[in-house]
Structure formats: C-alpha cells, structure tokens
Amino acid sequence: MIKREELFKRLTEAFGPSGFEQEVREILREYFSEVGEVKYDRLGSIICQKGNKGLKIMIAAHMDEVGFLVAKITKEGYVKFLPIGGWYSQVLLGHTVKIRTHKGDFLGVIGAKPPHELPEEERDKVVTIEKMYIDFGTFTDFDIEKELGIRVGDPIIPFQNYQKLPNNLHLAKAWDDRFGCAILCELAYSLKEMDHPNSIYLVGTVQEEVGLRGARTAAELIKPDIAFAVDVSIARDYPGYVLKETPERLKNGCAIITYDVTMIPNIKLRDWVIGIAEKYNIKYHLTTIRGGYDTGTIHLKGIGVPSLAIGIPTRYIHSHSGIIAEEDYQNCLNLLIKICENLETF
C-alpha cells in the first residue's frame with residue numbers, strides 16, 4: 001500500500017530541474033518496476049508498459065521542475081544565474097536555493113538589498129533576474145570553486161520542504177509536475193490488479209519546462225494510439241482573481257483542459273472522458289490555460305494522436321511553494337483509473 005504523504009514528500013523534495021531529472025526518475029523506477037516492463041528513451045524519460053494488447057495508451061507526467069543554472073561566478077564569490085523554465089523575477093528575492101555540484105549539495109540565498117538601502121525611485125521597480133545573484137557564503141571565486149565545486153552549468157532548484165496544511169491541503173515546491181508523477185506511481189499500483197483491455201504506458205518525461213522535449217522522444221518510441229498528459233492547472237481562488245468567475249479553485253475536482261496554447265484536444269476523446277467522469281460521479285470541471293502540456297507535442301506524432309490533458313488546480317506554480325488539495329488529487333486519480341478500465345475502442 002502506498003503511503004501518500006511519504007510519496008508526496010519524496011517527489012516534491014527531490015532534485016530535478018530540466019535536464020537533471022535522475023533523482024525523480026529513480027523514485028518512479030521503484031514504483032514502476034513492481035508493475036511492468038521498464039525502459040527509457042535516450043533523453044532520459046522513463047516508460048512503464050503494462051499489457052500487450054489493444055490500443056496503446058500513453059499517460060505522461062513530466063519529472064522536471066523549474067529551476068536555475070549557473071551562468072557566471074564573480075570574483076567576489078557570488079553566482080549569477082539563468083532561469084530554467086518560466087520564472088517571474090518578483091517571487092525570487094530573499095529565497096533559499098539548493099545547488100548540486102560534483103562535490104555535493106549546498107544551500108544559498110538569492111540576495112536582496114534591505115529597504116533601508118534602496119533609493120526611493122528603485123523601491124517600486126521589479127528587479128530582473130539578470131541583476132540578481134546567489135550568495136553561497138563564499139568570498140572569492142577561488143573559494144566557491146575549491147570549497148563547493150561550483151562550475152558554470154551546475155543546476156539549482158528552490159529549497160522548500162513538504163508540509164501538510166489544514167483542510168487536507170499540501171504545500172511544497174515542484175507540484176508542477178510532481179503531483180502528476182505521484183499520480184503515475186499510484187496508477188501503476190492500481191494497474192497491477194486491473195483487468196484492462198489495452199497496453200498502457202506510464203511515462204515520466206524529461207525537459208517539459210523547456211519545450212516538451214522528453215514527451216516527443218518518448219512518443220516516438222511508444223507510437224501511442226491515444227495520449228493523456230497529467231499536469232497542473234492554475235488555481236485562481238486567491239486575491240487578484242474574481243472567485244465567482246473561475247472554476248479553477250481548490251476542492252473543485254480535477255480539471256479537463258479544453259484548450260491550451262499547444263493543442264486543442266480531440267473532441268471525441270474529450271467528450272468520452274467527460275462521460276466517464278459523470279458516469280462514475282467523479283468531480284471535475286472544464287477549463288482553459290495559456291500554458292502548454294506534453295500532449296502539445298505528442299498529438300502531432302505520426303498521422304496524429306487523439307490527446308487530452310487532465311490536471312488539478314494548483315496555487316502559486318513556478319515559485320518556491322505551491323498548494324494542492326488532496327481531494328482534487330484523488331478525483332484525478334479516480335478518473336484515470338476509470339479511463340484505463342473503460343477505454344476499449346476509440
């Protein structure tokens with residue numbers, strides 16, 4: 001039996017920015033290896049195949065998180081950095097980060113001037129990432145390289161421990177898309193005993209945040225007939241949004257994505273999934289998003305792959321800390337289980 005909170009903690013605290021997903025992949029391998037054949041594509045995506053008949057159903061969640069990369073080391077021992085994935089610079093100043101070098105993992109902080117030192121004309125201006133730096137507690141470039149082993153190209157992630165909140169909410173970094181990775185792990189265990197009619201491929205993809213890259217190569221290997229992406233949708237149930245105008249709020253069920261910037265979903269598949277949710281009383285809502293999902297590249301493989309993205313509302317994605325509701329997670333898992341049980345022909 002899977003201990004869900006332990007799984008959440010392991011996955012969200014794991015080190016895995018785009019291109020450096022090894023630690024996350026190893027967690028998925030532990031769960032996948034008990035269920036079916038495990039293989040990898042050459043970019044590093046992990047694939048678990050359960051069954052060898054019927055339609056090829058690809059269910060993908062990306063393993064990578066947004067992070068940073070060392071761009072330059074100053075003579076004074078500070079690190080200048082580049083973003084991996086989409087960041088709004090205003091959420092960064094003063095936050096703790098973790099770097100992984102050939103000598104180990106080290107913590108640092110994205111430096112920020114105190115308000116006392118800011119001229120009046122600068123206080124209302126957003127500091128761009130190009131002007132930021134990370135302080136790892138060193139005083140020279142020699143120290144930072146000798147003591148910590150930091151080099152240009154080393155990966156950096158936000159540092160945030162997983163926390164259980166009241167009302168069955170969960171706070172952590174990297175819910176985008178470690179929530180989807182957790183779904184894959186639990187779905188794998190459900191498939192162990194399931195008499196499903198198809199060949200199901202559970203896929204942890206790499207490098208989604210920098211261009212849906214792993215999904216492309218994994219789909220080339222699998223050649224799916226139908227595909228689903230399991231990824232976050234963006235909650236809008238906090239100050240700055242009008243709550244009554246959005247379905248994207250915590251505890252409003254799983255999200256069926258009707259449009260994103262990379263794909264308009266297959267209408268027949270979309271309506272079939274809605275029918276499954278209603279048949280089994282699974283709470284869901286329909287939404288659109290201005291981002292993209294792994295299905296954005298999968299649906300273009302071969303002569304076309306009917307595809308759909310499914311997710312859950314998530315607060316504060318692409319920052320140090322996000323929040324999800326466990327009941328939305330459970331609804332998403334339930335929907336995918338019923339999809340696997342019922343998808344015989346399409």
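Just so it is clear, glycine is given a Cβ too, placed from its N, Cα and C backbone atoms.
Because TrEMBL annotations are produced automatically, they should be read as predictions rather than curated entries.
According to TrEMBL, the feature Zn(2+) 1 binding site maps to His62, Asp176, Asp231. Mapped onto three states, the DSSP output places Asp176 (Zn(2+) 1 binding site) in helix.
Look at TrEMBL and you will find Asp176, Glu209, His318 tagged as Zn(2+) 2 binding site. His318 (Zn(2+) 2 binding site) falls outside any helix or strand according to DSSP and counts as coil.
What TrEMBL lists as active site, proton acceptor is Glu208. Annotation note: Glu208 (active site, proton acceptor) sits in a coil segment as assigned by DSSP. Counted within 10 Å of its Cβ, the other Cβ atoms near Glu208 (active site, proton acceptor) come to 30, all protein chains included.
The binding-site residues under consideration are Asp176, Glu209. Their Cβ neighbour counts within 10 Å are lowest for Glu209. It is 14 Å from the Cα atom of His318 (Zn(2+) 2 binding site) to that of His62 (Zn(2+) 1 binding site). A gap of 6 Å separates the Cα atoms of His62 (Zn(2+) 1 binding site) and Glu208 (active site, proton acceptor). In this structure, His62 (Zn(2+) 1 binding site) is part of a beta strand by DSSP.
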